[in-house]
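Engineer: Supplied in structure tokens, the structure appears directly below.
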Amino acid sequence: MNVNVPVPSTLADPLVIAGRTFSSRLFLGTAGYPNQKVFLDALEASGSEMATASIRRMSLEGYEESLADLLTGRVHILPNTAGCQTAKDAILTAELAREALETDWVKLEVIGDRELLYPNVEELLKATEELVNRGFVVLPYCNDDPVTCQKLADLGAATVMPLGSMIGTGLGIANPHMIELICARSPVPVVLDAGIGTASDAAQAMELGCAAVLLNTAVSKAHDPVRMARAFRYAVEGGRLARLAGRIPKKLHAEASSPEFGLVGS
């Protein structure tokens, strides 16, 4: 199977999700920062135009202002259903977010195991179908399975968001081949979500064909979150540039870049 994802010939290719345009392909989570100032500085350094937060935490983060107030006017707010284990709970949480934040967008998370934080595919599919029918723009967090991603897209998901590895582990992309397959087959943008540890992981995701990267812990728990946010900004841009440029083929044998003409003794 040819897994090469067609790419535009120029960099003038802003990301479009459900009719909304983003110039940044880095999305940022909001949890776990040392304080409000560090969070806001990291957000600015990242260049991100969309930030995600659990609806349960929107007014409980401990900042001087609620997260909703902090984010409004700065970025597009993407509420998520973190912690939900059933489609019913996720749908209810999404409805609460829509009422509180006046947005139809939701990052859908339905977890099957509280220790592994791995998606419950059956409940995720049910929730996606129902939320799409209710007019939501659904961005589902899912496993790195091309079949599941295709089903989510068929149900009307605006993106698919496969994990690189388990949430918060920092292990990077455990199965790059599967991520590349998903990118090759998906009719909607692929956003890598979870497991990112450092900037090179984000660059790899973009080189594999992902449309964007969403991360949280890799920045919020870094020794210097602001500097790490800036590193991720450049990594995503660099990875996207590399994808657009097109890497050279891999070969089993050496191939000299200099011509043989003019060699001494030739």
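All positions are counted from 1 along the displayed chain.
Backbone N, Cα and C define each Cβ position, glycine as well.
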Engineer: GLY135, GLY156, GLY168, GLY246: which one does Swiss-Prot list with ALA194, GLY195, ASN216, THR217 for the 1-deoxy-D-xylulose 5-phosphate site?
Structural biologist: GLY168
Engineer: Just the number: how many Å between the Cα atoms of ALA194 (1-deoxy-D-xylulose 5-phosphate binding site) and LYS107 (active site, schiff-base intermediate with DXP)?
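Structural biologist: That separation, Cα to Cα, works out to 13 Å.
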Engineer: Please list, in sequence order, the residues in the chain of GLY195 (1-deoxy-D-xylulose 5-phosphate binding site) that are at least six apart in sequence and whose C-beta is under 8 Å away from its C-beta.
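Structural biologist: GLY195 (1-deoxy-D-xylulose 5-phosphate binding site) has long-range Cβ partners LEU163, GLY164, SER165, MET166, ILE167, GLY168, THR169, GLY170, LEU171, GLY172, ILE173, ALA174, ASP201.
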Engineer: Same-chain residues six or more away whose CB lies under 8 A from the CB of THR217 (1-deoxy-D-xylulose 5-phosphate binding site)?
Structural biologist: GLY29, ALA31, GLY32, ILE167, GLY168, GLY170
Engineer: Centre the Cβ atoms of GLY168, ALA194, GLY195, ASN216, THR217, go out 8 Å, and tell me which other residues of that chain have a Cβ in range of the 1-deoxy-D-xylulose 5-phosphate site.
Structural biologist: GLY29, MET166, ILE167, THR169, GLY170, ILE196, LEU215, ALA218
